[in-house]
Amino acid sequence: MPDPKPAPDTARNVAATTLAHQELGGEVRVAGEGSPAEWVRLVDSCDLPTRWGAFRLHGFVDLRNGQEHVALALGDLAGSGPVLARVHSECLTGDAFGSRRCDCGAQLEAAMERIAAEGRGVILYMRQEGRGIGLLNKIRAYHLQDDGADTVQANQALGFAPDLRSYELVAPMLARLGVQAVRLMTNNPRKVDALQAAGVPVAERLPIRVGRNPANQGYLDTKRSKLGHLLDPDAG
Ligand SMILES: Nc1nc2c(ncn2[C@@H]2O[C@H](COP(=O)(O)OP(=O)(O)OP(=O)(O)O)[C@@H](O)[C@H]2O)c(=O)[nH]1
């Protein structure tokens, strides 16, 4: 039997790691104080050779809570013209384990491949697992979906909104990398609106319809019908 579920407001995945604690020193700010540009710090960068190309990996910390985020970059981001970009939300099950319950892993790989082919672009990998409810709550949500709930109903049954993500750190992270405007790979119009509202010029939205399979048909149909994703049911 699973352990009893904690109250939703204690369940957010915001625990600081050891490295983040070192970086934070005495600087932890209370949420809402200052501006997004002050909340995020670029800690360090390194080369990251990958299957698709030689990326640079940039590590950021959110000074409000110690949450760590990364950017995978290729080419001259500060050069002229909007940068091919993806703002990807963490999905351990899809990105690392090859889960077929969602389309996340296929989208991440497709984005890296497109950026490598173009020779310029960036992926912000935001640690907002499970649309912000965290990994263990996503497992609870999957359990409910095993029993018949859809992805929105499962979040709601656990006491969460369907989507808890925020995009306020995207603008300062991109600015730190020299990006002035993006061509955004996404099927999610709410993400485009959220980025524009946060001060990120989105010059173009590029669909990224990959990874449909028999195990995620219902999930993708719910994203289209309840969450507003621009997904053609017959798209590959
Ligand atoms: N709570 C919850 N989160 C999920 C589920 N399936 C995937 N996720 C999370 O959803 C996030 C990805 O959301 P999506 O809606 O696929 O993508 P999006 O980023 O809004 O839109 P795209 O840019 O088109 O991919 C990741 O954080 C995943 O961990 C689920 O059934 N329940």
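Glycine residues also receive a Cβ, built from the backbone N, Cα and C atoms like all the rest.
Caution: TrEMBL annotation is automatic and unverified by curators.
It should be emphasised that the depicted structure is a prediction, and the values quoted were computed from it without experimental measurement.
Neighbour count (other Cβ atoms within 10 Å of the Cβ, all protein chains): 19 for Asp163 (active site, proton acceptor). According to TrEMBL, the feature active site, proton acceptor maps to Asp163.
Here Arg165 (active site, nucleophile) comes close to Ser89, Met126, Gln128, Arg131, Gly132: these same-chain residues lie at least six apart in sequence, with C-beta atoms under 8 angstroms from its C-beta. Here TrEMBL flags Arg165 as active site, nucleophile.
Proximity of Glu90 (GTP binding site) to non-local residues of its own chain (separation of 6 or more, Cβ distance below 8 Å) is seen for Tyr125, Met126, Arg127, Gln128, Glu129, given in sequence order. Annotated GTP binding site per TrEMBL: Arg86, Val87, His88, Ser89, Glu90, Gln107, Glu129, Gly130, Arg131, Thr151, Thr186, Lys191, in sequence order.
Annotated Zn(2+) binding site per TrEMBL: Cys91, Cys102, Cys104, in sequence order. Using a 10 Å Cβ-Cβ cutoff, Cys91 (Zn(2+) binding site) registers 23 neighbours.
In the predicted model, the domain 'GTP cyclohydrolase II' (43-207) has a mean pLDDT of 97. Residues or ranges marked as domain 'GTP cyclohydrolase II' by TrEMBL: 43-207.
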Nearest of the recorded positions (Cys102, Cys104, Asp163) to His88 (GTP binding site), judged by Cα-Cα distance: Cys104
Neighbourhood of ligand 1 - recorded positions from Cys91, Cys102, Glu129, Arg165, Thr186 with Cβ under 6 Å: Cys91, Cys102, Glu129, Thr186
Integer Å distance between the CA atoms belonging to Cys102 (Zn(2+) binding site) and Arg86 (GTP binding site): 17
